[in-house]
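Enquirer: This structure is in structure tokens; I'll ask about it shortly.
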């Protein structure tokens, strides 16, 4: 996908596409005074689609959101952090429904046009007093500028250190279309329990079915290709809303600019996914694993995710140790066929394995490379045309510190 | 399996069963002066069987050992630590063959009666000068007493802190039969690259096919149910040798004492597997996950291994945090069907989840329990009769420290 099909909008966020306002506030779910309740509101009914965690224990808000998405239209998304509202039984479900109803009432929209998302601790009931009073104050906090997006982005964070947002523009039949997204996620990311949440906004006019298909495809190569700790959350959710206010002819797969739109949309997903991996709990480095020459794409994905998820590979990157033995061991346990005599491995530009044989390399140079911000691991299998890229982060003392003390 | 079928022999080791001597020495493969070369020798041809890593990139010694096991008979096993002789190409293979030939010559046995095992760093050639001179001195180090076993157990360790050994006795048709084992493994354990190696000796007379079947069955419920870091080594190997010197009628599945023998054999495997998990790199706690009520045994195993392998569960145990949300999230991502409304979870005797609903529990009591040496996590799914037990360890600062600096 060529970057020329679209342009990144510096400083853009979820309120940049026409029709969207957002905001956030602190209602009391987090122990600190950081924001913990937020919403995005679209001024018109938005064509909408969502993808959800594959974890069998799906949190209550996912059930409510699926119901709202039944007709493919949303006006708003309301989200809280500090509590996942997962494994909370009938009361948790009632709370999620009440959260949706109250948000709808205060925002002046229909209940079934509101999606609900939650992230935080599992197994505790929501403090509904906080949620109720927060929702009453939320409408006045919404705006369509940078501060509205900032307050929203801050409100969805848990162990995240930085907000994640992205905006691109793409030409569709002569009209400028904007696509933006915001996400959170730092631990229980394989898309994970501190939870991955993502919110996409666009002012494109786009068919609902096509939007859902695109969302699924983009997720497969972006959010589903990251891992922080191999743990898949009960609350993962990615919601996209398209206002249609760009005034373009409605996009579908046959539209001449579909490819550009899809590339731009995928760029936003990839940017957010990388940002989540880079901000993985305790992470010092972004690790990118590019696998090529696999039997097929599924094999390439399995290998890329196994390598990027290996605790030993992650620890070696933390220690700036060019320990390719751990990389090839991960390739060999990925559960897919590999010709064991034909593997090439590089760290950045430094070749360390060629045709499964060690290559003498400059340890000092490798050390310097591995101390950089991003570590690229390239694996070529020489078996076929399958390729895939996965992202993760190193395993550090801080990961252990954060997760040894998360709940208390 | 009732413990009454057999008895643990306190202080027993691999040289306790009749017919076996062992020993070890330092030949120069490890940078410290710890032992790094060892052998077990049987005074008669032993009925033998082995199981190997499922990693596609199998190290050179595994090829050589498979060849030696072709006729189901071994006289000796020679093993080195400090170098895995994996991903070392044709030279590595030649080195493994030379190691076998030299060991056979010095021990006065046939080449194809010698198994070879290696553990340590991947991708570096063995220092054959060290191996050659070490093998020349090894025969005089072998003895059938406690010191021979001790030197052997020390020689196979890498990042392990303690040796792992076990011996039991069982009555077979009026004859006392001894079964013993020694193992190592601390990281790249899912049976893993610092590597799991196991060596079983018994003086039982037992059919070769039956021995192999028993070894596989016992491995499935013991060594294959442990994980330290989810990384499967290129070098894992478990070898069993039966001298037959106990004088019992040859054991087979129809023998009236087969059940007792199998239980005793499995006990040794389980003891060693638990000892490996407890000595996992950086570990403070042994974690035992018992899953019952699963649809079938395969489902129970998948769930038990997913829970015990979860970085978040492991970190929570390190932090003594009764964070059952991470346990149920792991259950839900294990890839097998689960009735999401029927799950019970306990930490030791403390019930924390009942029918998928949180149970109020005493946090102080939970904290005290989680600070103990062994943490038992019980998961009952209420779906069927499948049950399984898996073992692992907590994720600590020391795991990261050890693996950030392993190779250098």
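Positions of Cβ are set from backbone N, Cα and C atoms, glycine also.
Below are the features I grabbed from TrEMBL:
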ACT_SITE  B:195  active site, nucleophile
BINDING   B:158, B:184, B:195, B:281, B:403, B:408  substrate binding site
Enquirer: Go through the binding-site residues B:158, B:184, B:281 one by one and keep only those whose Cβ is less than 8 Å from a Cβ of chain A; report them in sequence order, or 'none'.
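Expert: Nothing passes the 8 Å Cβ test.
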Enquirer: So, in DSSP terms, is residue B:403 (substrate binding site) helix, strand, or coil?
Expert: helix
Enquirer: Using other CB atoms within 10 angstroms as the count, which residue among the binding-site residues B:158, B:184, B:281, B:403 scores least?
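Expert: Output over binding-site residues B:158, B:184, B:281, B:403: least Cβ neighbours within 10 Å is B:158.
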Enquirer: If you run the three-state DSSP split on residue B:184 (substrate binding site), which class comes out?
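Expert: Looking at the DSSP assignment, residue B:184 (substrate binding site) belongs to a strand.
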Enquirer: Three-state secondary structure of residue B:158 (substrate binding site) from DSSP?
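Expert: DSSP assigns residue B:158 (substrate binding site) to coil.
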